[in-house]
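See below for the structure under consideration.
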Amino acid sequence: MSANEQTLVMIKPDGVKRHLIGQIIQRFENKGLIIKEMKTTTLSNELVAEHYAHLVQKDFFHEVSDFMTSGPSVLMILEGDNVVEMVRTLIGVTNVVKAAPGTIRGDFGNAAVYHENVIHASDSIEAAQTEIKRFFS
Ligand code: ADP
């Protein structure tokens, strides 16, 4: 844990299409986190397969891949004290049906479509380093 710890956050295509970018970024700024880099891009199938390598064998992977490549995502590097853990807490658990109210997934996720959970954030410091390289170099 350090004051300049960094994490990778992605507002997924559902969040962009639903015009949630501003509201989501507001939550990070409210907590004092710094946006070090930010860009909009549409992910390729290859990049999604690399990013979600742990899911490639799952029967639902094609749905995740179609969704993640369906339009632009917003990628950002956030910096702050204990940022990896803090941002995972702010976004809520993967399944939006179980995500607590007050979290980003709990407040904005689509309970009718599992993969439409609005946002991704790195789940460990090691993952953050890998994902920052993946999307920003
Ligand atoms: P997280 O995004 O919370 O780190 P995972 O790495 O397990 O969670 O999953 C990556 C993404 O794949 C999820 O955010 C979600 O969009 C999608 N996903 C995960 N599990 C399922 C599932 N059972 N059915 C459909 N989509 C899923």
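Each Cβ is built from the backbone N, Cα and C atoms, and glycine gets one as well.
The active site, pros-phosphohistidine intermediate annotation in TrEMBL covers His120. The secondary structure of His120 (active site, pros-phosphohistidine intermediate), as reduced to three states from DSSP, is extended strand.
What TrEMBL lists as ATP binding site is Lys12, Phe60, Arg88, Thr94, Arg105, Asn117. Around Arg88 (ATP binding site), a 10 Å sphere centred on its CB holds 16 further CB atoms from the protein chains shown. DSSP gives Arg88 (ATP binding site) a helix state.
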Filtered by Cβ distance under 6 Å to ligand 1, the recorded positions Lys12, Thr94, Arg105, His120 reduce to Thr94, His120
Whole-Å Cα distance, Arg88 (ATP binding site) to His120 (active site, pros-phosphohistidine intermediate), is 9
